[in-house]
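A.B. asks: Before I ask anything, let me first share the structure, which is written out below as structure tokens.
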Amino acid sequence: MAPLTVWVLAGCLLGVTSAQSTEDNVFWYREAEGELEEALNNEPNRNQAKNIIVFIGDGMGIPTITAARIYKGQQQGKNGEEGHLYFEKFPHVALSKTYNPDRQVPDSAGTATAYWCGYKGNYETLGVDARVSAGQCTASRVKRNSRPCLMEWAQEAGKDTGQSLWAVGGHCGHHCEHKRSAKTPSAHRNWECDEKLGERGRDCVDIARQLVENAPGKLAKVIFGGGRQNMIANLNNTRFAPENPSACKRQDGRDLTQDWLSEKRSAGLSAKFVATTEELRSVNLSQTDHIMGLFGNSHTPYEDLRDKTLGGTPSLVEMTETAIKLLSKNEKGFFLAVEGGRIDHAHHDTKARRSLSETLQFEEAVKRAHQLTSHQDTLIVVTADHSHVMTIQGYPVRGKDILGASEKSRDDGMPYTTLFYSNGPNWNVSWNGSHVVRGDLNGVDTTAWEYTQPSGLKFKEETHGGEDVAIYATGPWSHLFHGVHEQSYIPHVISHAARIGPRADCKALKSDQACAFSSAGPPTRLQAAPLALLLLLVSWMVRPH
């Protein structure tokens with residue numbers, strides 16, 4: 001080939017590359033065609049789920065996911081908008097309606113009841129239905145006001161169970177297993193330890209005791225999180241001193257971690273209690289039946305503040321990996337709940353960078369779980385309990401620092417942040433007699449870890465948001481997440497996929513055929529007889545005569 005021809009062809013190729021780098025119509029067509037091919041090649045997986053892993057990003061609303069996606073890309077030197085979080089590539093996506101029966105914008109307690117138990121509960125209640133209001137201890141003990149939840153369903157099916165929480169192990173609202181682990185569900189999310197029970201809760205059992213004394217909590221093979229003060233009385237007299245003055249403190253003199261160990265060992269089981277990364281890594285998982293890891297007196301630390309030495313706290317990723325390795329020993333499979341609890345806490349403080357960092361740590365845990373399991377037999381669901389009131393505002397140029405200040409306002413000539421909260425502690429405005437004056441962001445490092453984003457209303461603590469949250473799913477029967485669902489729909493899909501709980505008696509269907517059962521559960525023989533008669537009658541009526 002002549003040299004001139006080579007140079008002409010090279011120039012054409014460079015021209016194509018240059019054109020595509022500007023994201024012209026060819027670029028977007030190829031992008032769309034590739035995504036369409038993936039969708040067309042995606043076949044529903046109708047295998048029975050052996051393993052179930054549910055990831056809850058506490059407060060991880062869609063604005064948080066979008067901002068975290070951009071933040072991740074910008075950390076890698078890219079514009080950011082074009083990227084994705086690992087779980088955003090899962091084949092099935094839906095939306096979840098998060099409201100409580102008595103609140104338009106929910107709390108983390110009632111939502112936990114929905115996504116763990118399959119029915120909705122009122123604001124500040126745990127594991128009980130809408131017949132129980134917050135603080136009604138007696139009503140919470142009425143059997144008909146609650147039902148078994150996912151962890152119980154899995155245990156009844158012979159699966160091993162566990163939970164890995166990046167917050168307080170028994171923190172209100174973070175896991176229905178903690179609230180439903182006793183025969184008396186908790187009527188209030190704040191009853192984390194006996195100190196908080198008060199007069200209203202004196203006939204109820206605190207959440208920490210439920211976790212170690214009653215099924216399903218005491219049957220869990222893995223319990224990771226924080227909350228040592230909820231479990232251990234007189235903490236200042238232990239290696240975990242000093243106490244956190246703002247956290248619940250046990251008053252009954254008990255060390256529930258030692259009670260837990262004693263109960264396991266008396267049953268002939270191998271159990272380990274750990275409190276540091278080094279202790280966690282020293283556990284021989286092949287010779288261990290149960291493991292409890294409490295890595296903070298109150299909550300576990302934020303990822304950017306975490307002590308990463310051996311004497312510090314393991315990451316959520318390491319907790320998740322350890323849990324999966326231990327639970328995978330059961331040939332019947334496992335159920336694992338993983339929560340990124342501190343996404344929510346950083347949002348309440350309007351510290352956006354910290355919340356986005358926590359979201360990326362959560363993403364890494366999802367990625368590791370997906371790598372350690374098989375798509376063929378493991379259902380992974382990623383969702384949130386609720387959203388927050390953070391928004392992405394203005395018209396920032398492509399690639400603008402998501403944590404930075406955008407262009408100046410045309411009204412007052414001052415810069416404003418791209419991320420903004422509709423309410424929160426940083427309400428920095430004043431009246432100069434003629435107009436409202438905002439705080440000047442010139443010279444302010446809005447990317448700092450401790451920086452609090454501006455807010456529109458003055459609140460001591462930012463609130464939750466009431467919009468729908470996303471559900472991302474992969475694995476057996478994940479295609480049943482397909483539209484806009486009530487949050488309480490989530491465990492029913494899991495029940496169907498794994499044949500546990502309400503759908504334990506369903507045959508291993510290879511189609512999307514429904515299993516008929518009443519609202520009280522699968523029909524009994526007495527219920528099934530008239531149902532069969534009715535079906536015969538209907539079929540006779542529609543026959544041609």
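Glycine is no exception: its Cβ is also placed from the backbone N, Cα and C atoms.
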A.B. asks: Given that TrEMBL annotates D58, H348, D385, H386 as binding Zn(2+), state which candidate in H290, H435, H464 belongs to that site as well.
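C.D. replies: Only hit among H290, H435, H464 in TrEMBL's Zn(2+) site, alongside D58, H348, D385, H386: H464.
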A.B. asks: Work out how many Å separate S108 (active site, phosphoserine intermediate) and D385 (Zn(2+) binding site) at their Cα atoms, rounded off.
C.D. replies: 6
A.B. asks: Looking at the binding-site residues D58, E339, D344, which has the shortest Cα distance to H386 (Zn(2+) binding site)?
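C.D. replies: Among D58, E339, D344, D58.
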A.B. asks: Compute the C-alpha separation of D58 (Mg(2+) binding site) from H348 (Zn(2+) binding site), stating it in Å without decimals.
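C.D. replies: On Cα coordinates alone, these residues lie 11 Å apart.
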A.B. asks: Long-range same-chain neighbours of H348 (Zn(2+) binding site), Cβ under 8 Å, sequence gap at least 6?
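C.D. replies: Listed in sequence order: G59, H388, E461, E462.
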A.B. asks: For the C-alpha pair, I'd like the distance in angstrom between H464 (Zn(2+) binding site) and E339 (Mg(2+) binding site), rounded off.
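C.D. replies: Checking the Cα atoms of H464 (Zn(2+) binding site) and E339 (Mg(2+) binding site) gives a distance of 17 Å.
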A.B. asks: State the three-class DSSP label for H348 (Zn(2+) binding site), counting H, G and I as helix, E and B as strand, and everything else as coil.
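C.D. replies: Helix, per DSSP.
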A.B. asks: What's the CA to CA span in angstrom from D344 (Mg(2+) binding site) over to D385 (Zn(2+) binding site)?
C.D. replies: 10
